[in-house]
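Structure, as structure tokens:
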Amino acid sequence: MKGGKSKGESKKAETKLAVNKKGAAATKGGKKPAKGKEPKDPNKPKRPPSAFFVFMADFREQYKKDHPNNKSVAAVGKACGEEWKSLSEEEKAPYVDRALKKKEEYEITLQAYNKKLEGKDDEEGSDKSKSEVNDEDEDEEDEEDEDDD
């Protein structure tokens, strides 16, 4: 057999293909969803911005006024980062204070959100238990009906 492959060669080729397929899926960004991970709640309050992000919001507005033709997000981010690094601690202080205030507000809203969740969980848990009890009663009645036949 001039052009044919031996059994050993074909098995090697198959295992190489299998390895490549596994590797290709991982490299193409085909992430598997995490098992047991709950989906994010859209009603949950967002985390507060850090001092840098508070600064960046102000800087972005000023940068757009000074450079109206610049549409590059990367350029704005780079300029902002360089400006932030050049600031002294005294110059950063107002942004740190604003970030702390936002963090305190976040903690208050998060506590309120968690209280709402606890209330919903208690109500849902009692509803579920009632329905489960009702389902069990119905099942027992069905079994009794079958015994009568």
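Using N, Cα and C of the backbone, Cβ positions are placed for all residues, glycine too.
Copied over from Swiss-Prot, here are the features:
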DNA_BIND  45-114  DNA-binding region
COMPBIAS  1-15  compositional bias 'Basic and acidic residues'
COMPBIAS  35-44  compositional bias 'Basic and acidic residues'
COMPBIAS  134-149  compositional bias 'Acidic residues'
REGION    1-52  region 'Disordered'
REGION    112-149  region 'Disordered'
Subject >> Residues of the parent chain within Cβ reach of the compositional bias 'Basic and acidic residues' (35-44), under 8 Å, 6 or more residues beyond its termini >> reply: 113
Subject >> pLDDT averaged over the residues of the DNA-binding region (45-114) >> reply: 95
**OP:** Please spell out the DSSP helix, strand and coil residue counts for the DNA-binding region (45-114).
**Re:** 56 helix, 0 strand, 14 coil
